Amino acid sequence: MLDLIRSVIFDKMGQVFLYGAQMSSEIAYKRVLLKLSGEALMGDDAFGINRQTISRMTQEVAEIAKMGVELAIVIGGGNIFRGVAPGAQGMDRATADYMGMLATVMNALALQDALKSHDVVARVQSAISIDQVVEPYIRPKALRYLEEHKVVIFAGGTGNPFFTTDTAAALRGAEIGAEIVLKATKVDGIYSADPNKDPKATRYSNITFDEAIAKRLEVMDATAFALCRDQKLPINVFSINKPGALERVIRGEDEGTLVHV
C-alpha cells in the first residue's frame, strides 16, 4: 500500500501521474527545486565553506544536471549568519534577516564557482538587488535559463525579512513550476522522533502533509509547509551526506521521505 502511495503524485491541475519502480532507471522529474542549507556547506568546519564539502555536493548536482534535469537551487546562509542565531541577539530582527540574505548571496556565488569547475553553467539570481555582483530575480529569465539547462541558484531568500529560506524554496518552486521540492538535510528522511535521541525512531517512506502536521513533524517551517501543501507541491526530505541519494531521488527510487497531498 505504501509503495502505491509513493507512486502517485498530483500535478498542478490535480491530475495524477505515476512514478516509482517502473521509472527507476530513468528520470522521474524534469524540473526540481533543491533546497540546500548553508550549514551543509560547512562540512566538519565550525563556520564558512568547506572546499571539499562544496566540491562533493556540486559534483552530485552536476551529475543530475547532466542527466537533463532542469535544476534550480535555493541556498541558505546559516554557515555565515542567521537572523535568528545567537549572534543576532539584541539586533533589530529585520536588519539581522537582511544580513542573512547577504550571506546567501555569498554561498550562491560559491556554488556557481564550484559548479563551473564541473563544467556546469549556473546563473545566480537574487531577491535583493546587488547589480554589480548578481542579476536580480526575474521569473521569465529564470524559466529561460532552466529551459536552456542552466542551473539557476536563487539567493536572497524571498527578499523580505521574517521569511526563511525554506519559504523561499517553496515560493520559487511554485513560481517555476517545479514538480517537487528536494530538501537536503543531515538525516535520511523524516522520523517519528529525533533519531539521534530515540533509537526506536522509525523513518517514514512517505507521509501526507496533513499527517505530518497532525504529528507535528518538523519538515519545513509552517509557512513553507503550508505553501507546498496548498500548491500540491510534494517535498522529498533526504540526506545530502549520503552518497548517491540525490540521484536516487531524481530517479524516483525509495530514498528519503516523500511528503504529498
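Note: Cβ is positioned from N, Cα and C throughout, glycine not excepted.
Since this is a predicted model, take the numbers as computed values, not measurements.
Annotation comment: TrEMBL describes 30-238 as domain 'Aspartate/glutamate/uridylate kinase'.
The ATP binding site feature in TrEMBL is assigned to LYS35, LEU36, SER37, GLY38, GLY78, ARG82, THR185, TYR191, ASP194.
If you look up TrEMBL, you'll see GLY77, ASP97, THR158, GLY159, ASN160, PRO161, PHE162, PHE163, THR164, THR165 marked as UMP binding site. Taken residue by residue with DSSP, THR164 (UMP binding site) is part of neither helix nor strand, so it is coil. On its own chain, THR164 (UMP binding site) has GLY157, ASP221, THR223, ALA224 as residues at least 6 apart in sequence with a Cβ closer than 8 Å to its own Cβ.
When the binding-site residues GLY77, THR158, ASN160, PHE162 are compared by Cα distance to THR185 (ATP binding site), the shortest distance belongs to GLY77. Among the binding-site residues LYS35, SER37, ASP194, the residue whose Cα lies closest in space to that of GLY77 (UMP binding site) is SER37. Summarising the ATP site geometry, the residues cited as binding it (LYS35, LEU36, SER37, GLY38, GLY78, ARG82, THR185, TYR191, ASP194) extend over a maximum Cα to Cα distance of 26 Å. Within the model, the domain 'Aspartate/glutamate/uridylate kinase' (30-238) shows a mean pLDDT value of 94, rounded to a whole number. Separating the Cα atoms of PHE162 (UMP binding site) and GLY78 (ATP binding site) is a whole-number distance of 15 Å. Shown are the binding-site residues GLY77, GLY78; of these, the residue with the fewest other Cβ atoms within 10 Å is GLY78.
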